[in-house]
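Engineer: This is the structure I have questions about; it appears just below.
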Amino acid sequence: MASSPVSYRLLRTGGSLLSLLQKSPANLSTHCDDSLFPRLLLISKSRFFCFLAKQSLLYLSIYLSIYLSIYLSIYRTEKGCYLFIWLFFVLCTVSSYSNLAKHFPRQRFTRKMNFDNLIEMIGEFGSYQKRVLFCLYLDSIMDAFHSGLTMFILPQLNFRCSLPGFKNDTYKIQGRHHEWIINQSIPVSTVNGDTAYNSCTRFYVWNDTNVTLEKCNSWVFDKSVYKATLIEEFSLVCDQKMMNSHIVTVFYLGVLAGAALMGTISDWVGRKIVMIVCILLQGIVGIASAFSQNINQFLICRFIIGFASSGSFVTAYVLGAELVGTKKRAWTCMVTQIFFTIGFCILTGVAYFVRNWRILLIILSAPSIILSFSLVWCVQESPRLLFMKNKNEKAFKIVKLIAEKNKKSLPDNIDEMNIDVQQAKSHGIWKVWTSKTLILRNSIMSINWVSVSLCYFALAINSRNLSGDVYLKFILGALVEFPAYVVTIYLLDHNFGRRIIFSTSMVVAGSACFISTFPFVYGGPDLQWVTLMFCLVGRLAVTAAFGIIYLFVCEIYPTVARNGALGIFSTFNRIGSITAPYIMILGDYVKGNFGKGLPFILLAFFTLVSGPLVLLLPESAGRCIPDTLKEAKMMKRSETRKKYETRCSAEDIAMKCIKS
């Protein structure tokens with residue numbers, strides 16, 4: 001139904017007495033009915049005539065005052081008298097204006113529009129969004145570099161104690177004499193039926209008859225695969241072997257801190273500035289870590305890199321989700337994860353040709369610096385966040401830019417529209433723990449974040465422990481993530497709920513982990529291919545769950561706390577990733593075949609228990625993103641997706657009525 005504009009003709013003094021202001025009577029809710037427009041038009045015209053009457057009385061009193069002043073100045077000589085009368089009329093005029101203004105206020109009608117509808121108007125997935133998302137996806141690649149880097153700078157190496165007094169000693173046997181000296185100096189141990197030189201002890205002969213074992217303080221390493229590694233340079237073996245797990249843990253402690261702090265900070269100061277600073281910091285400190293002179297310097301650098309990596313990834317993820325429409329949101333978030341996997345593949349290729357850990361760090365860190373400067377011009381602040389912060393002028397400027405890039409036309413009075421996003425009080429993240437509904441929701445999400453992260457990173461780390469080429473195992477683990485994301489995107493596009501996909505993926509991952517324990521307990525080294533196969537199945541399933549859980553948080557938490565919520569849950573995510581290295585080395589401390597299968601039993605337990613709990617959460621498929629805590633609380637598990645989609649369709653119909 002079309003609505004005619006109402007013309008307000010305002011009388012003015014000093015020249016132009018008629019000024020035309022056209023305003024549409026549109027302060028409408030998104031639920032419109034057939035009788036709303038006639039009623040609103042009648043109200044608008046009534047208010048116009050009241051306003052015209054007020055203005056007429058005002059100007060009549062002004063003209064009368066001027067006339068009397070002129071008359072008295074010509075025909076009367078008592079200047080004090082006519083000055084007093086003139087001032088009296090002026091005061092009456094001002095008084096009448098203020099009183100009438102109170103009784104007949106001018107009503108300004110502005111259009112009310114939901115932000116998701118505004119995104120549809122300017123293009124929910126146009127050329128602007130594609131350009132920005134591509135830049136954000138590049139950040140995912142950079143984050144993947146540092147996340148998977150430890151696989152190649154902390155590899156499993158063959159080594160033994162160095163021979164005392166031999167400066168040119170090498171792991172590779174140089175001849176028969178060299179081999180004879182090794183056999184006399186290094187004890188031989190048996191591991192899984194294979195004989196090998198002991199890695200941490202050697203013979204100490206202190207007279208002709210007494211020979212004892214002593215711990216080594218120097219080692220020689222196999223250089224057939226790697227030219228220079230962190231393990232070799234800082235001697236992270238034997239008593240220092242646990243330092244390998246500590247390096248991984250310190251990185252994820254930084255990720256934990258970054259997720260907890262930078263997510264909330266970006267809600268305050270903006271997505272763009274936080275993302276750019278984090279990417280720049282990641283590149284600079286990544287290059288600096290290549291020049292570390294001791295392990296403590298390297299640990300500090302890895303913590304900062306993890307902090308910056310998490311801050312940039314979380315912020316870029318939320319920014320991408322806020323820029324596109326509801327229909328493309330799931331696709332956008334899943335493609336972010338796909339580019340993270342692409343980063344793993346690129347990392348494998350670069351690491352294959354660069355076998356020196358210092359050069360590898362420089363090559364992988366430098367692109368982050370270039371990307372950070374490019375984002376200054378390529379990416380704008382999230383307009384949704386700006387509307388939430390009541391920065392409407394800047395938000396509309398970005399909205400017009402997006403519409404221009406997407407070749408969409410906007411109404412001339414777009415600046416006067418009232419965008420239906422609750423203007424934020426900038427809720428603290430603690431407020432998502434202030435109701436029973438949200439506490440239950442947060443608890444379930446926290447448990448699942450720990451479980452999915454623990455399973456994902458444990459299976460990734462385990463590929464280093466299995467026999468075979470490390471590059472082949474790593475690239476296989478990365479490649480299985482592509483079908484996981486493709487299948488997940490297909491299911492999301494065909495209206496499968498987030499809860500069903502996530503819980504099913506977790507159950508499949510847990511089952512695969514449980515089955516993979518049998519080759520350890522009842523088989524031998526010849527059945528490791530079975531373990532590898534089920535580990536890949538588990539990696540595929542848990543990857544799908546990983547992609548869904550990020551999207552889930554973006555959809556069920558409000559705009560005023562979304563980035564902070566994603567940061568907090570990413571903190572729980574890092575608890576799982578921090579624990580993963582220690583879970584996978586339990587086999588070194590629990591003897592027997594059961595100890596080797598114990599890590600997979602624990603992974604199966606966590607995933608099989610936590611996954612089905614998601615069914616207690618509200619379904620978010622097809623729903624509009626909540627903007628306030630009140631809207632987030634109103635999302636009920638019992639409210640079906642079909643019912644909600646019907647309500648969203650009604651909103652679209654109402655917006656079409658207004659636009660016509």
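Glycine residues also receive a Cβ, built from the backbone N, Cα and C atoms like all the rest.
The domain 'Major facilitator superfamily (MFS) profile' annotation in TrEMBL covers 132-622. Marked as transmembrane segment by TrEMBL: 57-76, 82-101, 243-261, 273-291, 297-319, 331-353, 438-459, 471-493, 500-522, 528-553, 565-585, 597-617.
Thinking about packing and proximity, how do these listed features fit into the structure?
Structural biologist: With a cut-off of 8 Å between Cβ atoms, the residues of this chain six or more beyond the transmembrane segment (243-261) that come close are 146, 150, 154, 230-231, 234, 236, 278, 295, 298-299, 302-311, 314, 461, 566-568, 570-571, 573-575, 577-578, 580-582, 585.
Sequence-distant contacts of the transmembrane segment (331-353) (same chain, at least 6 residues past either end, Cβ-Cβ under 8 Å): 125, 133, 136-138, 140-145, 147-149, 151-152, 316-317, 320-321, 324, 360, 363-364, 471, 474-475, 477-479, 481-482, 485, 488-489, 492-493, 543, 546-547, 550-551, 554.
Long-range Cβ contacts of the transmembrane segment (438-459) within its own chain (Cβ-Cβ under 8 Å, at least 6 residues beyond either end) map to 432, 477, 502, 506, 509-510, 513, 535, 538-539, 542-543, 545-546, 549, 552-553, 556, 569-570, 572-577, 579-581, 583-584, 599, 603, 606-607, 609-611, 613-614, 616-618, 629, 632-633.
Residues 244-245, 248-249, 252-253, 255-256, 259-264, 310, 314, 317-318, 429, 432, 445-446, 449-458, 461-462, 465, 549-550, 553-554, 557, 599, 602-603 of the same chain lie 6 or more positions beyond the ends of the transmembrane segment (565-585) yet place their CB under 8 Å from a CB of it.
For the transmembrane segment (597-617), the list of distant contacts is 440-441, 444-445, 447-448, 450-452, 454-455, 458-459, 462, 499-500, 502-507, 509-511, 513-514, 516-518, 520-521, 538, 542, 545, 552, 556, 583-584, 586-587, 590, 637: same-chain residues at least six beyond its ends, Cβ to Cβ under 8 Å.
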Engineer: Looking at the transmembrane segment (471-493) and the transmembrane segment (528-553), are there 3+ C-beta pairs under 8 A, with each pair at least 6 apart in sequence?
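Structural biologist: Between the transmembrane segment (528-553) and the transmembrane segment (471-493), which are separate recorded stretches, there is contact, as judged by 3 or more close Cβ pairs.
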